[in-house]
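Asker: The following feature annotations were taken from TrEMBL:
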| type | residues | note |
| --- | --- | --- |
| TRANSMEM | B:18-38 | transmembrane segment |
| DOMAIN | B:19-437 | domain 'DUF112' |
| TRANSMEM | B:45-70 | transmembrane segment |
| TRANSMEM | B:111-139 | transmembrane segment |
| TRANSMEM | B:146-163 | transmembrane segment |
| TRANSMEM | B:257-280 | transmembrane segment |
| TRANSMEM | B:317-340 | transmembrane segment |
| TRANSMEM | B:360-380 | transmembrane segment |
| TRANSMEM | B:409-425 | transmembrane segment |
| TRANSMEM | B:469-489 | transmembrane segment |
Amino acid sequence: MTSTSRSRRGLTAGLGLVTALSLAACGGNLGGGDSADAAESFPDGPITLLVGQDAGGSTDLIARALADQASDELGVPITVENRPGANGAVAAQELAGAEPDGQTLMTFVGSLAYITPLAVSEDEAVDIGDYTVVTGISLDDYVLVTSPQTGFTSVEDVVGAGRPVTFGTTGVGTGSQLSQELLFAQAGIDATAVPFDGGSPTLTAVLGGQVDVGAVQLGEAAAQIEAGELVPIVTFAEERPQYLPDTPTAVEAGYDVPVQQSRAIVAPDGTPDEVVTRLEEAFQAAFASADYQAFNEERLLTPDEIGGQELQEQWTGNLENYRSLVEEYGIDLGGGQ
Amino acid sequence: MDLSPVLDGFGVVLEPTNLLYCLIGVVIGMLIGVLPGLGPAATIAILLPLTFGIEPVTAIIMLAGIFYGAQYGGTITSVLLRLPGEASSVVTVFDGHALARQGKAGTALGIAAIGSFVGGTVSIVALSIVAPVVAGFALDFGPPEYTALALLGILLVSTVSSGDRLKAVVAASIGLLLATVGRDGFTGAERFTFGSLDLADGLDFVPIAMGLFGLGEILHNLEERHRAVQAPAKVANVWPSRADLRRSSGAIGRGSVLGFLLGILPGGGATLSSLAAYALEKRRSKTPERFGRGAVEGVAAPETANNAAATSSFIPLLTLGIPANATMAVIFGALLIQGVTPGPQLVSEDPELFWGVVNSMYVGNILLLVMSIPLVGVFVRILRVRATVLAPITVLITLVGVYTVRNNVFDIVLVIAFGALGYLMKKLGFDPGPLVLAFVLGSLLEESLRRSLLLFGGDPTGFLTRPISGTLLALFLVVALLPLVRPLVRAALGRRRAPAPTDTHHPDHKELV
């Protein structure tokens, strides 16, 4: 993150810092800052887990499911705090300004790191390289759906329709938009993006035939797919998600568009290695719990519990890949239209 | 019509928690109805954050209770103290207080309570029938339909609402402008954010409502607190006589229908319908000179109509996601906080919430009917609580409350800024209602319009070829042109009617528009 945006840190972060400092002082940790000290005394009081989305959404539920389990492991409470705004950029900004002692963490959404930067101006783009990643969490798949009335069942059908199509997206700078833009560009389909405000309005528009197709997260459409009200065309996963085994991926259908929503636990840059390791162990233990695994099944999430380093490379790789694809096909996620 | 979700709704209402919150809601509603100044929109805005931890259906049951409860409470002070607790009870003062001076305060309150109950109940039944029909068109409502609906809504809000029309238009325009703040949902471009991430998602509705309605009203009331409270009239014999009942039964019937119809209109609602019902009764009466001197119809009609309207104004919100008045806009915000998007899909996707809330109104109205008379004395005493005690507490609750919604200090700053704006608006005679409604409808209008044009490939004639949006736009034209045409029509009619001014008038809506 650039220095300008750091200096623009909200009042909230400032207050949070004051509170954190005074708490640390009360705890008698007057030395402060020294990494060995920090590691020994970690965790020093309750941990704050920031969520950049509204309470009740997927990211929030994941954070809460993990917080319960990891807090047992660490022996301190983990409180989930929602700081919704700008697809998580508000929370990310606060995290960047927090003390790097492992007491403040965030449930980061991948799209903020590798899709949103393609749509917003450079100084608003969040760089995952400015943070320390603790661990990956899981993958959420996007599925391209249509109403049975369109008669589309495969990408070929859409191509074969020989007419311009409209597609609903869950918003600008989302995986829903990127995946469809890439797919239709590669398939040579004349398609117009119609952004909606989130998954549920997008689905309603597809169900009502307002748009021809739309891409939403798998968990949002699963019930309607099962009921036959929606037809899945492709998923944008790397491999077929276990929850939708009969629907091909876009890659299988011949298009190079793997787009998934990934989530990770992220700490401020400069968090001591010992603390990161301790946190990683705690979250691995949370991943292993039966309750959490049942939660993943229920929300149709594919576990992706990879190490922090690996995840960081993956996300950076995604961003570069998407950036070159977007340039290659002349797609403009923002502006343009 | 499949009745099982309706019956399940009763099951939801009868859960002890929901009953309790329904009771809390109507008691708070009556209470603030008694207090002049603090209206239901302000109260609901202030209490929004408290609903955060409650189940959505429970929260909305309580907030709805506050709204229709306030219509009951407002009557009490109108009758006893000549001090309308709510704008919608202003006309009740004329005959209600006259009755009280004749020693018939009990009769006035009794008639008002019965009228309110009937009006509310008729309206709930009608709502139960109409809402699913509207919702049946759920999937036919696409962006073009919402565009037309939002246009119509904004027009009605700024022209039909009570008060100065020009000032309402000004307030609505400011609301529309405020709605443009934030990251453009179609291009990602920043608009009026001044580089602040706090503004990237636009201004949040909750701090605006809490500031304009909550803080603004508190500040404005502090200025006007010097009114001495006189000793209330004695209340005896609440049961109206048979003659009084017979005399007001027609007024109650007409008030129910009129209130129901006006409540549905965006910009309509309780205040407008109470005025209209009073005017209608006075015009219909063979002895209009009795009005203002203690006519029971003059109490029955407005009190019935304001309750019927309070109930029916839930229809556009729950079936289309369009708030009809300022209080509904705040309840709209409450639903969004709870993760529930009101709209045509609500009845089918969340029948428990929909029918739970609708059916809770039956229970709430019964509670109000039972409580309204015995509690009169208590509520009147509350008027003696000094504003200097009440105001700081309310401000504190407001500021702490808004912080808890998003844990964001910026929202506190917003509340204070909009509180100041709300105070100034009130002082200068602007109603903040149109601003808030236009703010809500503004984003809907812009987004739907742009979505529609994307769908139509940029061709605006697409709006006219779709049946629902075409009809709505035709309606828009009619409403927009009415003020221009009306003087001509009236002039023509006036010439013809002039010789026989004592004609028995059929009910018409002239002074409503």
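Each residue, glycine too, has its Cβ placed from N, Cα and C.
Automated prediction, rather than curation, is the source of TrEMBL annotations.
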Asker: Checking distant contacts: for the transmembrane segment (B:257-280), what same-chain residues at least six beyond its ends satisfy Cβ-Cβ under 8 A?
Answerer: 71, 86-92, 94, 119, 122-123, 126, 152-153, 156-162, 251, 298, 301-313, 315-316, 322-325, 327-328, 434, 437, 507, 509, 511-512
Asker: How about the transmembrane segment (B:45-70) and the transmembrane segment (B:469-489): do they have 3 or more C-beta pairs under 8 A, pairs 6 or more apart in sequence?
Answerer: no
Asker: Mean pLDDT over the domain 'DUF112' (B:19-437): what is the value?
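Answerer: A mean pLDDT of 84 is what the predicted model shows over the domain 'DUF112' (B:19-437).
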Asker: Counting only residues 6+ away from its ends, which parts of the chain sit with a Cβ under 8 Å from the transmembrane segment (B:317-340)?
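Answerer: Sequence-distant neighbours of the transmembrane segment (B:317-340): 39-41, 44-45, 48, 51-52, 56, 59-60, 63-64, 67, 131, 134-135, 141, 149-150, 153, 205-206, 209, 213, 263-270, 346-347, 350, 353-354, 357-358, 405, 432-433, 436-437, 440-441, 444.
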Asker: In the same chain, who gets a Cβ under 8 Å from the transmembrane segment (B:18-38) while lying at least 6 residues past its ends?
Answerer: 12, 47, 54, 57-59, 61-77, 83-86, 89, 217-218, 220-221, 224, 356, 360, 363-364, 367-368, 371-372, 375, 379-380, 382-383, 394
